[in-house]
Amino acid sequence: MTDAPFDRADIDALLGARHPDPFACLGPHRVGDATVVRTLLPGALRVRAIAAGGGVLGELRQVDPAGCFAGALPDGRERGERPRYRLSIDWPDARQDVEDAYAFGTLLDEDALARFAAGDPRAALACLGARALDMDGVPGVRFAVWAPGASRVSVVGDFNGWDARRHPMRLRRPWGVWELFVPRIGAGERYKFALRARDGAALPLKADPCACRTEAPPRTASIVADLDALERFGWHDDAWLRARASLDLAHAPVSIYEVHPESWLRVAAEGNRSATWDELAQRLIPYAAGMGFSHVELTPIAEYPFGGSWGYQSLSPFAPSARFGPPEGFARFVEHAHAAGLGVIVDWVPAHFPDDPHGLGKFDGTALFEHADPREGWHPDWHTHVFNVGRREVGAFLIASALAWAHRYHVDGIRVDAVASMLYRDYSRAAGEWVPNVYGGRENLESIAFLKHFNDTLHGPAAPPGVATFAEESTAWPGVTAPTAEHGLGFDFKWNMGWMHDTLAYLREDPIHRRHHHDRLTFGLVYAFSERFVLPLSHDEVVHGKGSLAAKMPGDAWQRLANLRAYFGFMWAHPGKKLLFMGGEFAQWEEFAHDATPQWDLLDAPAHRGVQRLVRDLNRLHAAEPALHALDDRPAGFAWLVGDDRNNSVFAFVRRDDAGRMLVAVCNFTPVPRTDYRLGLPAPGRWAEVLNTDGAAYGGTDAGNGGAVQADEIPAHGERWSAALRLPPLATLWLRPA
């Protein structure tokens, strides 16, 4: 080979890991009539160019002892032809034959990059991250990362000794995306990105924002995921997905079991580690299905560095947490759930992210994913960065992650966390600590547009059909579940935080004082049909000193459990879908602790087994009785029979479906049995007592009406017929026409 020039300035910039355009000097280049190959291989002893068949084309001369080599390929190639060669590299302890990463042309389609810059989440999903694939018949990994403010980016990992000089990336300048194909590596490789800010300063090594797999914390590297294996995963849930696509979930029975998967099951014999997805599939899935729940909802499982955040401070929104095993394990978990008749909902956090140095904050030396102004970009309550969802690329990145959960893992629902914090610019901020919108108001117009885009995308052709969206929205923002075409946000369901706060406040009162707080239980019906609601008894209500559900109740242990049973009977009969956090289904005494399992040992006690049995029966009756769910979002599905008996703390109402089927719920929230309580009923004849939360099987006194009551033509409560009931203490009855 002939000598080949290698500019000194280029050498110095490459060795200093600050060259802005490595493809301008590395790889094959025409110099006069010759094709010159230049490489940067720190630590290499000798480099030769070899042909595809293995023959040596020639030696690359070492032009700098730090690892720069250059040489010219033999003549005879047409000017427009890409040279075909490999590099044979002698390292101190091995020889490596590999294609030159800088011999490949541009990787990403310009149209896809333009669509990403315009905010298309499908383009973000297609372009960004690490993808094992073949380029020109050569296996390797394509890396791509959005970092428009960086002056230089390289990919580092085990494959190059974490040397930031080895694999600098190409900038696709109009779009701010850096790309590189690294030959002969594949799925399972650990990697990060080494970036320099615009001023040349080196930044902390950054994990890939679009990584689909990560190391288990506290380690922080990204891992090249085997996306082909996920795409080839042997799903057997076609029938489930077809049924989901045609199901009108708003008028179906929905009862959600909320689970913190890191603590639901731990393996004590192995250092109290969290269970894997496969272990959870064997234990959690049959348990939740056996309890009659329709869905399990998982607190955020996208990789998060701090376990104490319960997943709500994620840095890798595309990657199932490695705490539970590889990504394919989560796919198997969902497959098991669908086979058992359970839907899977995942919590998703597009509002904010933590400040860990390997994460998204100041990713390229600028406020890239967050707002630059701390009045917009820093959350004072959580000490986290606020996503700048008004930036098109950030919105595309986030919504792409939601699409990934729907496509790759077949999840059935996505619950959006902290929506209120996104909707209001002054959320948890004092005067002077927030920036008004362009009209001078407090509404966050960018977040509104983002949430509409999210829902339109998840309900459109880009997503699998039938994926439901849920909003944790704690204010009275109008139209959360209204269609975006009608100026709503477009969610399928909204958590009814007002109902939860009011009813729990009522139940905390000593029964003797409840007459003074009667309206707390009736007020929810004033707005119950303004949105499609979920009634949430979530993790947020059993942490930070709030106490467990059972501990919130007044009285001795028996009365506390009786109160809770009566409350559950009221809740399951009330309009709205149901959600219950783990441990609540058997009335555990301790509040939620992320590093401890639920108090499963309480199930050795008959009283707690009784509450568990009640929740199971409530779920099964709720699913079997269309009157309890078919018109959850319509006034025609509900009517008060007794809403004003504050002196006795008695409530009664009727639920109906559109075929005229009925079920009456009667609640006595005092410890005083009510005998001969005359209740107006909407039909004559025999009414079966289909549920009594005071039943002996549930841990109650077994007071009641012997399984049935008779409605005679005696007017009461505005009805033509009525029956004399015995109302057990602290209990709810359900009656159905026999």
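Every residue, even glycine, has its Cβ placed from backbone N, Cα and C.
Note that the structure is a prediction, hence the values are computed from the model and not measured.
Copied over from Swiss-Prot, here are the features:
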type	residues	note
ACT_SITE	Asp417	active site, nucleophile
ACT_SITE	Glu472	active site, proton donor
Check: In terms of DSSP three-state secondary structure, what is the assignment for Asp417 (active site, nucleophile)?
Finding: coil
Notebook entry, point to check: Helix, strand or coil: which one is the residue listed as 'active site, proton donor' in, per DSSP?
Noted result: coil
Check: How many whole Å apart are the CA atoms of Asp417 (active site, nucleophile) and the residue listed as 'active site, proton donor'?
Finding: 5
Margin query: Restricting to the chain of Glu472 (active site, proton donor) and a gap of 6 or more, list residues whose Cβ falls under 8 Å of its Cβ, or answer none.
Written below: Arg415, Val416, Asp417, Ala418, Val419, Ala420, Trp495, Met497, Pro536
Notebook entry, point to check: Tell me, how many other CB atoms lie within 10 A of the CB of Asp417 (active site, nucleophile), whichever protein chain they belong to?
Noted result: 20
